[in-house]
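Enquirer: If you scroll down you'll find the structure; I have some questions about it.
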Amino acid sequence: MKKIILVAGGTGGHFFPAVALGEELIKRGYEVHFIIDLRCKKYISQDMKVIFHILDLKRSGNIFLFLPRLSIAVLKAIRLLYNIKPSVIVGFGGYPVISSMFAAVFLRVPIIIHEQNSYLGKVNKFFTSFAKKIAISYKNIKNLPEFAKNKIVVTGGIVRKNIRNLGSVAGPRNDKLFTIFIFGGSQGAKLFSELIPASIQILIQKKPQLKLHIIQQAALDDQVKIKDIYLKLNITYELAEFFDNIALQYKDADLVISRAGASTIEELTYIGLPAIFIPLPSAADNHQYYNAKWLEDTKAGWCLEQNNISAGKLADKILDLISNTKILEDASHNLLKRRKEGHKLLSNLIEEVI
């Protein structure tokens, strides 16, 4: 049986697409090994059939501290890859994959890079010269070296099975009640706990007859304050620190307000659920902004930058969309036009390389 290594670390945005790819590869008869860092350990569940290995690499701004750590991690990765003897390694980007990718270069294991964002990350860019193929989600990806253009294959993003099972949720689900789902992705969003309730207050002042249902991710220490505001506004709500099966919330929502991580965007694209994106300004290479702007430019979503946003601006945007449902329908249609079966297309590419 041929063995394949998938490498991802850091956030759920890297982890869950890699698991979805692993599930498809297992269905095709491969033995799948998954190298992750300690931060991803919390996402592992009993029903995942891939074989996990934890190889941690702590980031440091001090090069004299980081290089010894990297050297040790690379040696561990070389030993691990030598024992597994994979036919190919697939890297999902981010600094946690560095040691495994260096080990693959040293052992001459074929490398495939997967970039879910519209802006090629620094780590993925570094390894483009060693990669056999570069799988991308956005056709006009930014920051791609000229020499690497002949290596790219547009596979689209990879979406979890429970989200794929939803199919399309496009179109209004309740004419009398408009449901907004607010979440900050796997990294959360403290900003939303203040911004969203303030925006909803302004929205209700402008349109008192509006019937809203709010589903919102919020930290426990913010929930009491948020509940008080929604109760005073006579709004039904659902608050949680984390949604274990986000497909249930997607299914009920008419509009999403979220960050613009690649995994979130690919899930919303797959099911045709329109969103207002507030990109995380501190995201590496500002990639969330480029993700959201790409969708806005193709009329498949809306991008509001955190530095320029206010409760009033957000309320106006929500009111505009609620008052003009044709805009929401068009955005849903444009999202679905971009949908791809990324888990299958990337699996096909892996088989070509093997």
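Here the Cβ of each residue, glycine as well, is placed from N, Cα and C on the backbone.
This is the feature table in Swiss-Prot:
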- T11, G12, G13, N117, R160, S186, Q288: UDP-N-acetyl-alpha-D-glucosamine binding site (BINDING)
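Tell me about the surroundings of these features in the structure.
Expert: Q288 (UDP-N-acetyl-alpha-D-glucosamine binding site) falls within a helix when secondary structure is assigned with DSSP.
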Enquirer: Could you check what DSSP calls G13 (UDP-N-acetyl-alpha-D-glucosamine binding site) once collapsed to helix, strand or coil?
Expert: helix
Enquirer: When DSSP states are folded down to helix, strand and coil, where does R160 (UDP-N-acetyl-alpha-D-glucosamine binding site) land?
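Expert: For R160 (UDP-N-acetyl-alpha-D-glucosamine binding site) - judged by DSSP and reduced to three states - the answer is coil.
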Enquirer: Counting Cβ atoms within 10 Å of each candidate's own Cβ, which of the binding-site residues G12, G13 comes out highest?
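Expert: Within the set of binding-site residues, the most crowded position is G13.
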Enquirer: Return the count of C-beta atoms lying within 10 angstroms of the C-beta of R160 (UDP-N-acetyl-alpha-D-glucosamine binding site), excluding that atom itself.
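Expert: Step by step: centre on the Cβ of R160 (UDP-N-acetyl-alpha-D-glucosamine binding site), count other Cβ atoms within 10 Å, giving 21.
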Enquirer: Out of T11, N117, Q288, which of the binding-site residues has the smallest number of neighbouring Cβ atoms within 10 Å?
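Expert: It is T11 that, of the binding-site residues T11, N117, Q288, has the fewest other Cβ atoms within 10 Å.
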